[in-house]
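Trainee: According to Swiss-Prot, the feature NADP(+) binding site maps to F13, V14, D39, L40, Y131, an assignment based on similarity to another entry. As annotated by Swiss-Prot, substrate binding site applies to S105, G106, N160, R200, R260, R261, A262, E263, with the evidence given as similarity to another entry.
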Amino acid sequence: MTQRLFVTGLSGFVGKHLQAYLAAAHTPWALLPVPHRYDLLEPDSLGDLWPELPDAVIHLAGQTYVPEAFRDPARTLQINLLGTLNLLQALKARGFSGTFLYISSGDVYGQVAEAALPIHEELIPHPRNPYAVSKLAAESLCLQWGITEGWRVLVARPFNHIGPGQKDSFVIASAARQIARMKQGLQANRLEVGDIDVSRDFLDVQDVLSAYLRLLSHGEAGAVYNVCSGQEQKIRELIELLADIAQVELEIVQDPARMRRAEQRRVRGSHARLHDTTGWKPEITIKQSLRAILSDWESRVREE
């Protein structure tokens with residue numbers, strides 16, 4: 001039986017992949033069309049978004065760039081918290097009573113001691129930047145809404161996800177773009193990066209999407225789920241692998257302007273709860289992800 005799905009943030013990195021994923025995969029979900037432009041900070045624009053009532057909602061939209069959150073924390077909180085509240089209120093006014101999946105972030109955990117790795121959902125969050133604060137606050141709001149309104153509310157905490165189409169403000173996309181330019185003779189074989197002597201838990205965007213859809217079907221109401229690979233990858237090694245795939249020799253140079261605050265040296269999450277509840281597991285290898293990202297950037301660079 002086909003179920004109606006409404007998704008915010010369809011124009012973003014994950015949203016675009018979700019549209020393609022639903023069009024190509026055999027799933028019980030039919031993506032509802034968006035009848036007009038809307039702004040989550042303008043409640044009047046939300047009232048008639050749903051000619052057909054959705055069975056489920058995935059709330060992807062938000063301000064996700066950490067440096068921007070430091071630059072304008074008020075705006076980040078408005079978009080990520082007040083925008084979420086406006087969406088919840090509009091859905092309630094429309095009579096929604098289905099499944100609501102809020103997409104938070106693994107960044108809410110903050111600084112985690114290496115002895116506490118891998119990161120489990122039971123770990124108490126200690127957000128260290130305004131973006132993470134806004135996501136944790138919105139998590140609480142959504143879970144409270146589920147209790148008081150009787151909706152089936154779930155929270156996903158994705159860790160770093162990667163794939164074709166990501167902005168080059170993210171480290172792997174930035175490296176892939178620069179390497180693609182080197183391969184085409186458009187820049188010197190000198191790669192400018194931020195702090196790459198750290199490890200992160202990277203997951204392909206296709207695996208992220210399959211996790212979200214599994215949660216819609218099988219997740220437990222009121223629960224929080226890490227969405228991650230369960231593996232840590234050193235960023236420097238991934239850049240070297242990108243260069244190897246592209247067959248490009250390069251010099252790596254750290255750019256102080258690209259360094260971020262509130263970094264920690266190692267990140268590795270646990271997806272045990274997600275696997276135990278839904279049967280989900282990652283399917284795409286890191287090398288497959290990097291090949292797809294590099295191929296995408298080679299095409300985009302040719303069009304620049």
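Any Cβ shown, glycine's included, is placed from N, Cα and C.
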Trainee: Can you tell me how far the Cα of F13 (NADP(+) binding site) sits from the Cα of R200 (substrate binding site), in Å?
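Mentor: R200 (substrate binding site) has its Cα 19 Å from the Cα of F13 (NADP(+) binding site).
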Trainee: Could you tally the C-beta atoms, other than its own, that fall within 10 angstroms of the C-beta of Y131 (NADP(+) binding site)?
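Mentor: Its Cβ shell of radius 10 Å holds 26 other Cβ atoms.
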Trainee: Among D39, S105, the binding-site residues in question, whose Cβ has the most other Cβ atoms within 10 Å in this structure?
Mentor: S105
Trainee: Which residues in the same chain, at least 6 apart in sequence, have a Cβ under 8 Å from the Cβ of N160 (substrate binding site)?
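Mentor: In sequence order, the residues whose Cβ lies under 8 Å from that of N160 (substrate binding site) (at least 6 apart) are G106, R200, D201, F202, L203, V267.
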Trainee: If you measure Y131 (NADP(+) binding site) to S105 (substrate binding site) at Cα, how many Å is it?
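Mentor: The Cα atom of Y131 (NADP(+) binding site) is 9 Å away from the Cα atom of S105 (substrate binding site).
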Trainee: Would you mind listing, in sequence order, the residues at least six apart from V14 (NADP(+) binding site) in the same chain with a Cβ closer than 8 Å to its Cβ?
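Mentor: V14 (NADP(+) binding site) has long-range Cβ partners L60, I103, H161, V205, V208, L209.
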Trainee: Indicate whether S105 (substrate binding site) is helix, strand or coil by DSSP.
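Mentor: In the DSSP reduction, S105 (substrate binding site) maps to coil.
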Trainee: Report the same-chain neighbours of L40 (NADP(+) binding site): residues 6+ apart in sequence with Cβ closer than 8 Å to its Cβ, ordered by sequence.
Mentor: T8, L46, A61, I79, L82, G83, T84, N86, L87
Trainee: Pairwise over F13, V14, D39, L40, Y131, annotated as binding NADP(+), what's the top Cα to Cα distance to the nearest Å?
Mentor: 19
Trainee: Look up F13 (NADP(+) binding site) in the DSSP assignment and report helix, strand or coil.
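Mentor: SS state of F13 (NADP(+) binding site) = helix.
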